[in-house]
Amino acid sequence: MVTSAGVGHAEYNNGADVQHADYAHLTSVGQVEQKPLGGRLGALAEYYKPNVASMEEYRAMHAQSITDPAAFYGERARTYVDWFRPFDAVFLPGPDGRPSFDNNAWFVNGQLNACYNLVDRHAARTPDKVAIIYEADEPGEGYSLTYRELLAQVCKVAQVLQYSMGVRKGDTVAVYMPMIPQALVTLLAISRIGAIHSVVFAGFSSNSLRDRINDARSEVVVTTDESKRGGKIIETKRIVDDAIKETPQLRKVLVYKRTCNPSVSYVADRDLDWDTEVKKYKSYCPCEPVDSEHPLFLLYTSGSTGAPKGVQHSTAGYLLQAYLSMLYSFDVHSDDIFFTAGDIGWITGHTYVVYGPLFSGCTTVVFEGTPAYPSYSRYWDIIDKYSVTQFYVAPTALRLLKRAGDSYVDGYSLRTLRSLGTVGEPIAAEVWEWYYTVIGKREIPVIDTYWQTESGAHLVTPLAGGSTPMKPGSASFPFFGIDLAILDPQTGEELLGPNVEGVLAVKQPWPSFTRTIWNNHDRYLDTYLNPYKGYYFAGDGAARDSQGFIWILGRVDDVVNVSGHRLSTAEVEAAIIQESMVAECAVVGFADELTGQAIAAFVVLKQKSSWNTASERELQEIKKHLILSVRRDIGPFAAPKLIVLVDDLPKTRSGKIMRRILRKILAGEADQLGDVSTLSNPGIVKHLIESVKF
């Protein structure tokens, strides 16, 4: 069992402030009454008929997705997915006839190809429709690709991978690229030939990249010479070169020249130039049929034990659930312009920059830059310039833009928007209100989504189009296929009814649920399925209020969420402890106004007396050195915001570090520590409290 650490410290609004978005209001507990659409949505209502029209329809669909998943998913898989060979069964049933975590497989014996469903069929039906709008870091440097052009580029790169680099069906290919169209082309080319892509966020250090390449056993890497972000140059090729010094299986590197910097070094017979290679091949090659359960990609995510986990997703189940979330969560139609301000190095970019939008046949916006460059108006400029219909972004960016001021929004109409999404972390009520009021003009619904790398698509979310009500800060209701439960963290018993708080779990698998951890199925079981037998344990605390709304309360394991990025505290601790001056270290998360959570490291040095007598300047140099160690080992985004040098750490008599005490002190709750007399060193608590200075 896991403990309830972290649960119960978040505030949630139990029953008030239900928002109408000018389309629905709550009349009693659990009941929603519809009223006519108003404002901009009302003007579009006839043209954009909602994919889910009412709360009643949502309830009926959700019930079917849980009680009769064969009918719910079977009908949609036959309707929306193009198959090379039809499936024999929707899922492999467990002993009770329902989907089972013990043998989770969907669309049994079916064959398909992800790239065909994302590109080929649209290139055949709507070849001149824009598939990708590229907004480069520097305004005015972007361009667009139609589905016809995208197909040609994908086929050429697929042949480069096959014939110039020797990639075969089932091989893993590492991808370390910025947010440019060639990154999407690469992912599609890999899936076209039946290989498996393993994208590593291009902000990770060479050490982190090395570890992921080795764990995935990738023999090929695709990267760029450099990348540009926020007006700055990032040396991606140099990072790759450093990483593969310790990847003995690595054979080839494909390099797209983003900046064409002549000083970037290349290794003969290993490094291939993108432009030179694609010229060798024709603009079409056939797709490789793969089984429904064939791995589509690996995506590494932080775990509480420190070593990153290669979360493996299947092809058919992931594609269908990703598309259904586009269809229902965002009410997407095929002529929409979908803008996710996320990176393909994370699951948000996989599902809502690449697979969801392109499967839907709509247009996806690929943004290379940051929300603040060259000004805080950058997002709003993109939305107006390209007539964006759905916008999806992390609360961290919204906090930054809210702080910058409403003047940066002035002058932008944002009139084409039909839904505003948030992703990666819970959104504070005041930020939700700003987003809804200043950006949405109190007419556009805020789709506050909760999901994970492991889930592949949404777990809890409102639905755009008018069917479900909203409440600031709540993720609302379970998505289709999600049989959600809130469990008592100690007993594992389900807490039924309203006004309950515990750990979030799911009772049965859904099509896009991860199948395993690459090369480590035992860890998969221990992390997700063994903590509470019969359930998927999501690792987050949750509450259900009096009206049935779900509130996400944050992690209950040793994972910190910084700007929507999950980081293992153990991984950060390892980066600090490797320094010869460090004896012990404990890393915890604490609340941060901008990033949601930030990282604090409590560090015990080997020479305790030396830092007690050191000058303030010397202490700052020690702290800078430790922060640099984390930046170098993991990446800049993982750098601790606070380093606290201490004489000792709070420990039980068995030697376990009590991180709960550190979290309480950082939260200003030193008066709520409870009985500390059982610590092996209770006197250290006063020292810790006095040492924390923001």
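Cβ coordinates come from backbone N, Cα and C, glycine included.
Look at Swiss-Prot and you will find R229, G230, G231, K232, T348, S563, R631 tagged as CoA binding site, backed by similarity to another entry. The annotation ATP binding site is assigned in Swiss-Prot to G424, E425, P426, D448, T449, Y450, W451, Q452, T453, D540, R555, R566.
A distance of 19 Å separates the Cα atom of T348 (CoA binding site) from that of R555 (ATP binding site).
A separation of roughly 26 Å, to the nearest angstrom, links the Cα atoms of R631 (CoA binding site) and P426 (ATP binding site). On a Cα basis, S563 (CoA binding site) lies 10 Å away from P426 (ATP binding site). With respect to their backbone Cα atoms, R555 (ATP binding site) and G231 (CoA binding site) stand 34 Å from each other. Scoring each of the binding-site residues (G231, G424, P426) by how many neighbouring Cβ atoms lie within 10 Å, the top position goes to G424. All protein chains considered, the CB of T348 (CoA binding site) has 23 other CB atoms within 10 Å. The two recorded residues R229 (CoA binding site) and T453 (ATP binding site) have their Cα atoms spaced 24 Å from each other.
Most Cβ neighbours within 10 Å among the binding-site residues T449, T453, S563: this distinction goes to T449.
Checking Cα-Cα distances from S563 (CoA binding site) against the binding-site residues (G424, T449, W451, T453) with a 10 Å cut-off leaves G424, in sequence order. Using Cα positions, the member of the binding-site residues G424, T449, T453 nearest to K232 (CoA binding site) is identified as G424. DSSP gives P426 (ATP binding site) a coil state; it is part of no helix or strand. The candidate set comprises the binding-site residues R229, K232, R555, R631. Of these, R555 has the most other Cβ atoms within 10 Å. In this structure, S563 (CoA binding site) belongs to neither helix nor strand by DSSP; it is coil.
T453 (ATP binding site) sits 26 Å from G230 (CoA binding site), taking the Cα positions as reference. Note: the CA-CA distance between T449 (ATP binding site) and G230 (CoA binding site) rounds to 27 Å. Cα separation, G230 (CoA binding site) to G424 (ATP binding site), rounded: 21 Å. In sequence order, I347, V423, A457, H458, L459, V460, T461, F479 are the residues of the chain that are 6 or more apart from W451 (ATP binding site) and have a CB within less than 8 Å of its CB.
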